[in-house]
Each structure stands twice: as C-alpha cells, then as structure tokens.
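This report refers to the structure that appears directly beneath it.
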Amino acid sequence: MATIKVPANTSPVQDAEALHKACKGWGTDEKAIISILGHRYSYQRKQIRQAYEELYQEDLIRRLESELSGDFEKAVYRWILEPADRDAVLANVAIKNAKKDHHVIVEIACIHSPEELLAVRRAYHNRYKRSLEEDVAVHTTGDLRKLLVALVSTFRYGGDEINARLANSEADILHDVIKDKKVNHEEVIRILSTRSKAQLLATFNHYRDDHGSSITKHLLGEPSDDFHKALRTAVRCIIDPKKYYEKVLRNAIKKIGTDEDELTRVIVTRAEKDLKDIEEVYLKRNSVPLDQAVAKDTSGDYKNFLLTLLGKED
C-alpha cells in the first residue's frame with residue numbers, strides 16, 4: 001500500500017499557479033512546494049508540469065532545480081519525474097557512480113514487472129540516446145557484466161504458472177554450482193535472468209526443502225566481490241522485495257552519517273506503491289516506526305518532504 005495522502009479534488013492549473021507563486025520573488029516557499037507535490041500522484045504531477053509550462057513557458061523541473069538545493073532538491077527532482085524516467089536517472093547515476101552502486105541496477109531489473117522494466121529501458125533510450133544494457137556493459141567487466149546485462153535485458157514471463165519438475169532440477173543445478181564454489185557459472189546467470197519470478201520462487205523453495213537451507217544463506221558463504229554481491233542482491237529482490245528494502249533503509253539510517261541517497265531512493269520510489277508494507281517490516285525488525293527514524297536522522301525541508309511522502313506531517 002502507498003503512504004502518500006492525496007486530496008479528493010485537485011486542479012493542475014491551480015497547483016501550477018501556487019508553485020509559481022512559491023518560487024516567485026525573494027526567497028522560496030518550500031512549505032508550499034511540499035504541501036502540493038508531496039500530496040499528488042504521479043499522473044497528477046505530470047499534469048502540473050504540463051500546466052506550468054503552458055502557463056509560464058518554463059520547465060517546472062528546471063525552475064525547482066534553481067530554487068532548491070541539497071538533499072531536498074534531489075528528493076523533489078526525483079519525485080516529480082515520471083516513474084520510468086526517474087528509474088532511468090537512478091540507473092544512470094548508479095552506473096557511473098564511483099561507489100559502484102550495482103545494487104540499484106539489480107533492484108530495477110529484479111523488482112519491476114516485465115512491462116515496468118521495459119518502460120525504464122525506453123525512458124533510458126529517450127533520455128540518454130543509448131541503451132541501458134549498453135551503458136551497463138561499458139561500465140562493468142567479467143561475470144558482473146554478464147549478470148547485469150542479462151538482468152536488464154530480460155523480458156520475463158509475468159504470470160503465475162510454474163513447472164515444478166523444472167524448479168526441482170534447477171534447484172539442484174544452483175546447489176551444485178554453489179557447493180562447488182563456481183558461482184560465476186553461466187547456468188546461474190541463465191536461470192536468474194530468464195525464468196519468471198514465480199518460477200524462481202518455486203526453485204528457491206525446492207532448494208530450501210531439498211538442501212536444508214535457503215539459497216540466500218548458502219550464498220553468504222561466497223566471496224564478497226562485486227559479482228557475488230550483485231548475485232545475492234538479485235536473489236533477495238526476487239524472494240522478498242519488501243524485506244530487501246527494509247534492510248536498505250536500516251543500513252541507510254544506522255550508518256555513521258545517514259546515507260541520504262539510499263534513504264531518498266527507497267522512499268521516493270515506493271511511496272506510491274508499497275511503502276506502508278515496508279514500514280510494517282521495518283517496525284517489526286527495528287521496534288521503531290520508520291517515520292520516527294527518518295525524523296531523527298534528517299532535518300529541515302528534506303525531513304519535512306520525506307515525512308510528507310511517508311504520510312506523516314511533521
């Protein structure tokens with residue numbers, strides 16, 4: 001379930017006018033910007049952008065970029081983009097980031113539905129005039145490249161039908177490869193990048209039932225190089241996205257110095273989808289409500305904006 005709260009009746013023209021007023025003259029009315037954009041769905045934000053451009057012959061995103069700064073500006077910028085375009089930006093930043101944020105690429109590839117991933121790839125084409133898989137390939141090497149290119153290039157079957165016999169046999173293949181410490185095996189990449197999520201879940205269940213432990217626990221014993229990290233991330237994203245996102249949030253908040261990029265990404269990308277469910281997992285795991293943890297570790301307009309997306313006005 002989503003966390004944002006949206007009023008019943010809104011007008012994109014009135015919203016555009018209010019945003020223009022908030023950015024006009026000396027000083028910016030950040031509170032007004034948050035109160036409007038933080039309470040609108042994606043399609044409504046798109047309508048506001050269109051109305052703003054028609055009224056003022058100006059791109060709202062560029063105006064906001066010039067008015068805002070820091071983590072607040074980055075969060076608002078990513079929020080106002082259409083979801084597929086936003087993910088294209090996130091993917092591009094991750095690809096070129098010196099921190100090697102390969103997990104962001106894996107998230108996009110493994111958590112999205114087939115149609116959503118296809119939309120991200122199209123948005124990437126339109127924005128960067130290159131393909132997502134092309135840029136992934138240029139900025140990676142070896143087995144990591146093989147895995148990531150395969151994941152972002154796939155168009156999985158999105159239904160619930162499974163082949164139990166295939167799940168059993170591929171669970172054995174995965175176990176043999178992991179047991180023999182040959183996790184760079186092409187079979188693992190083939191299985192993870194081509195099978196449907198339902199089929200993979202059946203395979204992972206067979207793995208646990210037949211071999212006495214989950215595949216995630218067995219993979220923890222593997223090396224911690226970039227390939228194996230990406231492999232573990234892919235498996236976690238497919239098995240339980242909400243649990244995966246809870247861990248991302250927990251790590252972002254518990255770090256010495258909050259990881260604002262990770263915190264922003266999860267809240268902005270999930271606020272219209274399943275952030276309420278992620279909140280419940282977070283509370284169960286940490287015994288602290290997510291909004292309280294966010295409020296404690298952030299400040300100013302950035303804090304107020306994130307709390308608004310969480311449905312908790314400060």
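Cβ coordinates are placed from backbone N, Cα and C, and glycine is handled just like the others.
Unlike curated records, TrEMBL annotations are generated automatically.
As annotated by TrEMBL, Ca(2+) 1 binding site applies to G25, G27, E67. The Ca(2+) 2 binding site annotation in TrEMBL covers I253, K255, G257, D297. Look at TrEMBL and you will find A295, T298 tagged as Ca(2+) 3 binding site.
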### Rounded Cα separation (Å) that holds between G25 (Ca(2+) 1 binding site) and A295 (Ca(2+) 3 binding site)
30
### Task
Give me the Cα-Cα distance between E67 (Ca(2+) 1 binding site) and T298 (Ca(2+) 3 binding site), rounded to a whole Å.
20
### Summary
One of the binding-site residues I253, K255, D297 has its Cα closest to the Cα of G27 (Ca(2+) 1 binding site), namely D297
### Query
Can you list, in sequence order, the residues of the same chain other than G25, G27, E67 whose CB lies within 8 Å of the CB centroid of the Ca(2+) 1 site?
A22, C23, K24, W26, T28, D29
### Query
What's the CA-CA gap between K255 (Ca(2+) 2 binding site) and A295 (Ca(2+) 3 binding site) in angstrom, rounded?
15
### Residues within 8 Å of the I253, K255, G257, D297 Cβ centre (excluding the Ca(2+) 2 site residues themselves)
A252, K254, I256, T258, D259, L263
### Task
Have a look around K255 (Ca(2+) 2 binding site) and count the other CB atoms within 10 A of its CB, chains all included.
12
### Query
Among the binding-site residues listed here, I253, A295, which has the most company in the form of other Cβ atoms within 10 Å of its Cβ?
I253
### Query
Could you give the Cα-Cα distance between A295 (Ca(2+) 3 binding site) and I253 (Ca(2+) 2 binding site), in whole Å?
10
## Note on the structure
Cβ-Cβ distance under 8 Å, sequence separation of 6 or more, same chain as T298 (Ca(2+) 3 binding site); the residues meeting this, in order, are D71, T258, E260, L263, L306
#### Entry: Around the Cβ of E67 (Ca(2+) 1 binding site), the count of other Cβ atoms that are within 10 Å
18
### Query
Within 10 Å of the Cβ of D297 (Ca(2+) 2 binding site), how many other Cβ atoms can be counted across all chains shown?
18
### Message
Using a 10 Å radius around its CB, how many other CB atoms surround G25 (Ca(2+) 1 binding site)?
### Response
8
